[in-house]
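Read the structure below first, then the notes.
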Amino acid sequence: MDRISAYAAYGLAPKKTSKRSTMKIAKHFSKKNAKKTKEAMAAKKEARKAAAKAALREVRKLERKAAADKAAKIAADKAADKAAAKAAAKAAKKAAKREKNIAKKQPEKSAAGVTENVQKQLENGQENNGTLINLSNGKQHQKPKAAKMSSSNGSFSGIDSDFLNSSDFGSTEDSFMSGSGDSFDYSNNSDFDFDSDGDSNDFDDSDAAASSCASCEYFDMDSNMVVGQESDTNGNSYMHNGTTQSEDQFTEEYTLSSIFNSTSSSGANPIKVEPRKAAKRNEPFDLNNNKNKPTAAKQPKMSLKQEQAQVGKQRADPAPSCPLPPRPSKTMIKSCPLPPKAPAAKPVPNKCRLSSRESLTKTGAKSCRLSSAPADKMANKMAAPSRKSSSKNKNNDNNNIDTNNKKDANNKKDANNNKDINNKKDANNNKDTNNNKDNNNKNKLSSNVSQLVTGNEKQRGPVHLENSIEEGKRMLNWLLNPITSETFFEQYWERNACQVKRKQPNYFTQLISFQMIDEMLIENQLEFTTNIDVTTYKKGVRQTLNPVGRAMSPAIWGYYGDGCSIRILNPSTYLPKLRQLCSTMQEFFHCLVGANVYLTPPNSQGFAPHYDDIEAFVIQVEGRKRWRLYAPPHQSDVLARTSSGNYKQEELGQPLFDAVLEAGDILYFPRGTVHQAVTEPKQHSLHITLSVYQQQAYANLLEVLMPSVLERAIKHHLSLRRGLPLHIWQHVGLAKGGQQSEQRDQLMNSTKQLVQRYLVPTEAQIDAAVDQLAKRFQHEALPPYIKPEESMRTTKVRLLRRQHPAPGGRRQQLRVYYYVDNALEYCKNEPNYMEIQPTEAPAVEALMTTYPAYLKVGKLPLRSADRRIEVATALWERGLLMTEKPFK
């Protein structure tokens, strides 16, 4: 047992391997690994060989296929050549047979000078394969296999002259065949060179369809003529090879008998007639040879009414909501096709990142519950009457002016002159009724354009006595009617949104319409991106699809038909009444009043949810549009100074306002209000957005004011020019913000004291900063809309408008900025100004102070009468002054 246990213990005990055994084991495994490596290399080699063989088989297969295709192509070409040769032989045989028949029918009308041998050959139908025939006059003639000919000496003047007299086309690409890309040119009316390549009667359907005659409506001869038979100018009938003369006069084919008849009257001249060749496909359209010309049986001529009827069947039904009149069928452009119905908009999520109440409570603004003021609940005294015709409105307007002028007892002559001018407008003619012809011609553009009718003309006095600020206020009252401007600024301005609903669809139609847009695009050079934007908003993605170049009317309506929204920038440049609205309102707001027009097809949305940096007035002119307004996402977005990017729907909360604007309604919302709008499935939308008060906040004033205050303080106070302490970097800075020390507190207090002591602006500095904002307005503003009554009054004087001029300049000279001569485009030119001496400034200030009252030139606060007249003349020449009485 001990011996067994000893062996067991020896077997279980860990054995220490020797160096020799270790080397044996390593050698064994190395041989085994080498064997496996060789096997793997052999397998890879076999795989490469198999892949190479497979690739070689594929290459050979492709080569065999290419060779087969090449052989098939060669066989097809041979078959095509054989078919073409057969067709040529068949055509030549038909031509010979036709000549034989003609010779039998008209033996008496054969050409003079032809020998009896030639006539006998024609009667017997013998073919003369290109051999020369001796004529009786000693000349030779070659009989053709086909009827096409080449004339080099004008021997067909009797036929060709009639052809040219009855045809009217040019030699440019705008001729009747310009649709095929070819042109026709000739230099001699009596000499035509017809190509030797004839046409073939063997056309398949594809050829007939591809080579439809573009000249059918230009060349309509005798519709009762029998197909296959035609007559020349001498009354001789001859056969046609299947085409009709009514389709194209170049399809005439002259047979030998007709040639002889024509030559008998013009003299016996040698004529060379080339044989006919088979037609080839894919050749350019040859007007002389009628290549690619379909036969009459395959391409019958249709009248113009039939063509229009056929085109009308292919066109889609016009959109029921499209206000544009249908275009003629020849334009090949659908007026305003409706896009296919899009899926309904996704519902607004119930949750948002920041609730509207929190946002508005933090800023101190009132709740953003939108107020609605329906017109049927309030008196509508200021609403414009419904217009049945433009002449009635002009009559009413003129009568109002006449009545008001008659009430002014001190200006009876003035009223009579105005009455004459207005009667001239009333009849829509330009006959002069008094001696104001020169003044009226000078202001022809202003007087001929019909004015905006707001319905409140009776409430004002004579135009030349009105304050331009009050005129702007009246225009705002017309927009917000029945809400007054006082109520609007007290309850809604920069606080809440406001909707005015009125059941008057035509309330704003005088501002813009589809027809006005179409005329504007046709008559003016509007550019994409500069004047027109084409946008879409689908599946949460907003795209701008602006091409390059001019925005043509067909392109715009094409985009509209595809479901794109059209945004027209600065439309007031081209629409007089909209320009009058904007230029009048800018007098009240003392800032640029811009306008954009948005045209949206049914069931579409052109822009993603966003907010703007302007006070927005949305004027719904036509159609319907659903508007949804949301609270500003953050506190810093309330009354935002810059526009936002595009928001996703899930980033917005529930809308504060969700309603539909109808034609005649108006919606106001402050800057910073997130909004989006979408049209209904069967309703388009045309609306105007008036933008007001952009960059008109206290922040803008301080941005102009504080740099000048700091500059002046640095110049006058030594404390601001002293150096900073050496240890400031050790105690102040972002890295030291959490550490408190005596040095840090001392530096903070001293900096605050410097600001409070030296950076407080003076009144003069505030005045100068406001003048800078006024200067910016003079540059941006639209030129004033001059009424006919104002254009006559240009030695009491007053400023033409309250909001100009704006003083500015240097010490030695002052600049008076004005916007009378501004371009209609936004900031197109540099600001307009005139320079005056500092001693002349009191005269300008006096005119600004007494506005809108008139002031005698002699009362201007200047020392000498010459200086008064000089200043008044300079202002009047620039259009800044208006006289109390009109010039005669």
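Using N, Cα and C of the backbone, Cβ positions are placed for all residues, glycine too.
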Task: Name the residue range among 165-186, 187-208 that Swiss-Prot annotates as region 'Disordered'.
output: 187-208
Message: Can you find which of His675, His684, His687 Swiss-Prot lists as binding Fe cation at the same site as His610, Asp612?
response: His675
Statement: Neighbour count check, CB within 10 A, over binding-site residues His610, His675; minimum at His610
- line: Across the domain 'JmjC' (564-709), the model's average pLDDT, rounded to a whole number, is 94
Task: May I ask you to report the DSSP-based helix, strand or coil state of His610 (Fe cation binding site)?
output: strand
- line: Residues sitting within 8 A of the centre of the His610, Asp612, His675 CB atoms (Fe cation site), not counting those, run Phe607, Pro609, Tyr611, Ala616, Ser643, Ser644, Thr673, Val674, Gln676
Task: Could you find out if DSSP has His675 (Fe cation binding site) as helix, strand or coil?
output: strand
